[in-house]
Amino acid sequence: MSKAAPAKKSVAAAPPPGCTLDINDPQVQSAAIRIQASYRGHRSRKELREKGPPRVLEPLKDVVLIEGSAAKLTCRISAFPDPFIRWSKDGKELRDGPKYRYVFEDPDVVALVVRDGELADLGQYSINVTNPFGQCSDSARILVEVPAKIQKGPDNTKARKGATVTLTAEILGEPAPDVGWTKDGEDIEEDDRVFFEIGSTTTTLTIRRAIPQDSGKYEVYVENSLGMDQSFARVDVA
């Protein structure tokens, strides 16, 4: 059996001229110290930035919601570890579901989507962000716009002379609509006998001490910047 040939020893190539580094050189040692200090500072800043209480980077803004559509409230936050997000409306917590949807778009962007907008969605919405290091919060309003409409018009009425007649309509609209009443196409001039009142959800026309001349076709109409509606009723006094 033949002997293996002795292994050849590798010889390190000499560095190119001008590329040698003397670790005993004071300038080299000073540079190394500065690099280490810079790295430690970077690491500390990184840890402070990532591990700490949540912060709001871009606050919520008020949103206008059109009836039947959806609205979206968006907030940009900074938080590590990952925070717990809670949305609420007028102090009451909102659960993630068909009506209210929690959305996480980017690592630092969270949003709440309110679907099938209606007047009841008007209110103050808040986000609360919590992690082991603390918490932060922010709020904004959803403003709901609803075209003026008559939910239920007045009923046709028959009354005896001298009786009190009332016609009532259920109304809706945001901004609050202008309301008016007419008789046979003419605006009603109010006095202490014939007058109308306007509430937040109803309007009522009152005719005291009714007389045959009060018989006719009465109209109630509502109007705001988004639309208008009207309804009619017949009054017969005998």
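Including glycine, each Cβ sits where the backbone N, Cα and C put it.
TrEMBL: automatically predicted annotations, no manual curation.
These features come from TrEMBL:
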type: COMPBIAS; residues: 1-13; note: compositional bias 'Low complexity'
type: DOMAIN; residues: 54-143; note: domain 'Ig-like'
type: DOMAIN; residues: 147-236; note: domain 'Ig-like'
type: REGION; residues: 1-23; note: region 'Disordered'
Per DSSP, the domain 'Ig-like' (54-143) contains 3 helix, 59 strand, 28 coil
Per-residue pLDDT averaged over the domain 'Ig-like' (54-143) comes to what?
94
Per DSSP, what is the residue count of the domain 'Ig-like' (147-236) in each of helix, strand and coil?
3 helix, 57 strand, 30 coil
